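Listed features, source Swiss-Prot:
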- GLU429, ASP502: Mg(2+) 1 binding site (BINDING)
- ASP502, ASP504: Mg(2+) 2 binding site (BINDING)
- 423-537: domain 'Toprim' (DOMAIN)
- LYS454: site 'Interaction with DNA' (SITE)
- ASN457: site 'Interaction with DNA' (SITE)
Amino acid sequence: MGDNYNSESIQILEGLEAIRKRPGMYIGATNARGLHHLVWEIVDNSIDEVLANFANKIKIILNKDESITVIDNGRGIPIEIHPKTKVSTLETVFTILHAGGKFDSNTYKISGGLHGVGASVVNALSKYLKVEVRKNNKKYVMEFHNGGQILTPIKEVGSTSETGTTVTFLPDEKIFKETTIFSFSTIQNRIKQLVFLNKGLEISLVDLREEDEEKTVLYQFNNGIKDYVLELNKTIGTPLNDVFYVEGIEDNIVVEFGLQYNDNYSENIFSFCNNINTHEGGTHEEGARLAIVREINNYFKNQINKNNKGNEDKFTWDDIKEGMTIIISIRHPEPQYEGQTNQKLLNSEVKKIVSNIVGKGLSSYLLENPEDAKKIIEKISLSLKATIVAQRAKEITRRKIVMDSFSLPGKLSDCETKDAKIAELYIVEGDSAGGSAKSGRNRKFQAILPLRGKILNVEKAKQIKIFENNEINSIITALGAGIKDNFNDKKLRYQKVIIMTDADVDGAHIRILLLTFFYRYMKDLIENGNIYIAQPPLYKVENSNQIRYVYSDNELELYKEELLKQNKNYTIQRYKGLGEMNPEQLWETTMDPERRLLLKVSVNNAFEANLICNELMGENVEPRKKFIRENAKYVKNLDV
């Protein structure tokens with residue numbers, strides 16, 4: 001540093017070096033999420049071939065050496081010399097940022113992904129990458145290593161009657177220091193969604209990493225979004241109508257839409273543009289809402305209430321959406337998104353197009369299916385009545401939220417600071433543990449809210465019951481930010497909301513109930529990274545004058561082996577509840593920011609999160625049993 005600021009101080013990062021220097025700019029992070037982003041980039045390139053109707057099969061292989069292979073039966077990346085770079089087009093695509101067919105409207109009318117950065121970014125962040133191209137009855141191979149350096153130039157290696165591209169890459173552990181291990185379930189969830197969104201597409205996933213068994217899944221849904229709605233509704237409740245499905249095209253914009261009601265109380269709405277999940281909605285969702293409200297009210301006025309005077313709409317969107325499951329997917333040649341994350345669609349013309357296509361389809365569906373229409377109107381009418389009854393409870397809740405700290409819940413032991421950026425709220429299971437937490441905390445920035453027993457299961461409860469529940473009201477009031485559409489993170493009183501429960505079955509159940517509530521009513525808390533799970537120790541190990549707190553069975557076994565080697569005697573205490581620790585121990589092990597372990601709660605796949613919420617917390621028992629059977633093997637600590 002100092003005064004040596006001259007021309008030599010200015011770095012020019014060339015080629016793929018810039019990507020390796022700042023990987024977060026291209027894949028978000030270098031954790032497990034960023035690692036899997038590499039897979040999505042290569043898969044997205046194959047999906048672009050599917051969208052262009054040149055491919056219908058994709059195969060993903062998790063190899064023994066922890067590399068991954070993506071195979072498609074598309075046209076194959078061009079191998080001719082590129083007129084601008086003077087090297088093969090294949091080399092250009094994998095070594096130059098923003099090089100790709102996505103920028104040429106003649107090559108891809110519609111595409112997803114990061115618009116041409118994918119292949120080069122994956123290459124830059126890989127220890128090794130091999131690409132095989134099959135086209136023109138020939139097979140070509142090119143290899144790279146050490147972050148995109150050419151290992152083997154492009155060469156012809158044989159003949160073939162097939163077409164397509166195969167990419168194998170091994171992530172660089174120098175970049176991905178946290179992990180380079182791909183998750184089978186993460187990839188499985190994503191490809192299942194892609195198959196739903198691309199009618200007729202077949203994707204298989206093969207795991208070769210286990211010595212004794214090969215794990216394989218294959219997905220193909222010929223009804224696309226219709227199957228998607230059915231899959232999602234399977235675990236929620238009893239369907240009230242056959243799936244309403246419509247597809248259409250207007251001004252080169254393709255619209256697919258599916259809707260089904262169930263007897264549950266929460267809505268599930270997922271929207272996509274060019275296979276990208278638009279979590280924050282946008283103009284396609286606005287168009288769908290406009291059409292649904294219009295056509296439901298038109299049907300009610302013209303078919304059910306036609307003898308009564310008055311032409312005003314009876315139902316609002318809030319009345320109509322209860323118990324509704326919707327999937328809307330559009331394909332747009334020039335999508336415009338808000339920000340860099342592609343989470344909200346902005347194209348203004350989409351609203352009218354979606355409204356027209358969905359509106360015409362829904363109008364016909366209601367007229368042609370009077371029994372289904374009757375059930376839908378009855379469901380909406382009940383929702384309207386419940387809304388009126390719940391309004392008073394909701395207003396009480398809202399009034400509580402805007403009150404100052406003197407009106408906060410009586411059992412809340414608030415912190416001294418009013419600075420939300422450093423304040424923490426511990427939601428603690430039980431009064432005894434709450435007492436220890438109150439005594440052991442740092443009063444300056446840590447608040448304690450004890451819960452009496454299990455909170456209400458919001459997945460099954462009617463809205464009126466939710467707003468009347470004391471425990472839920474205490475949480476809403478303490479946080480001060482409101483719920484659902486009225487949620488305002490600027491009013492949030494604590495930066496960290498930490499769930500602290502016992503390490504047993506009841507504690508796990510309370511955590512699930514709380515997470516379900518936050519996901520359904522304060523989703524922004526999870527999406528913004530405000531929710532954490534405390535990790536109290538499972539064991540206290542004493543030997544001589546030394547005490548060590550142990551947080552997992554695996555850690556305990558390793559420590560026991562270490563003590564045995566040193567010929568030391570020891571005693572082990574198993575903590576079954578937070579109340580077994582005195583305030584000093586609770587602070588030292590679970591609450592001290594310098595020593596505690598917190599798990600941040602995040603949602604990578606909203607569709608899968610909804611399925612799990614519905615399976616674990618919904619009315620149907622069988623899906624819950626199935627989930628437990630399939631996931632029991634992953635449980636590390638169980639106290640029954």
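Using the three backbone atoms N, Cα and C, a Cβ is placed for every residue, glycine included.
The number of other CB atoms found within 10 A of the CB of ASP504 (Mg(2+) 2 binding site), across every protein chain shown, is 16. Take the binding-site residues GLU429, ASP502: by the count of other Cβ atoms within 10 Å of each Cβ, the lowest one is ASP502.
Across the fold, the C-alpha of ASP504 (Mg(2+) 2 binding site) and the C-alpha of ASN457 (site 'Interaction with DNA') stand 19 Å from each other. Secondary structure counts, DSSP: the domain 'Toprim' (423-537) has 54 helix, 21 strand, 40 coil. Proximity of LYS454 (site 'Interaction with DNA') to non-local residues of its own chain (separation of 6 or more, Cβ distance below 8 Å) is seen for ASP506, HIS509, ILE510, LEU513, given in sequence order.
Mean pLDDT for the domain 'Toprim' (423-537) in this predicted model: 87. Recorded residues ASP502 (Mg(2+) 1 binding site) and ASN457 (site 'Interaction with DNA') have their alpha carbons 19 Å apart, per Cα-Cα distance. Between GLU429 (Mg(2+) 1 binding site) and ASN457 (site 'Interaction with DNA'), the C-alpha separation comes to 16 Å. Taking the Cβ of ASN457 (site 'Interaction with DNA') as centre and 10 Å as the limit, one finds 18 other Cβ atoms among all the protein chains shown.
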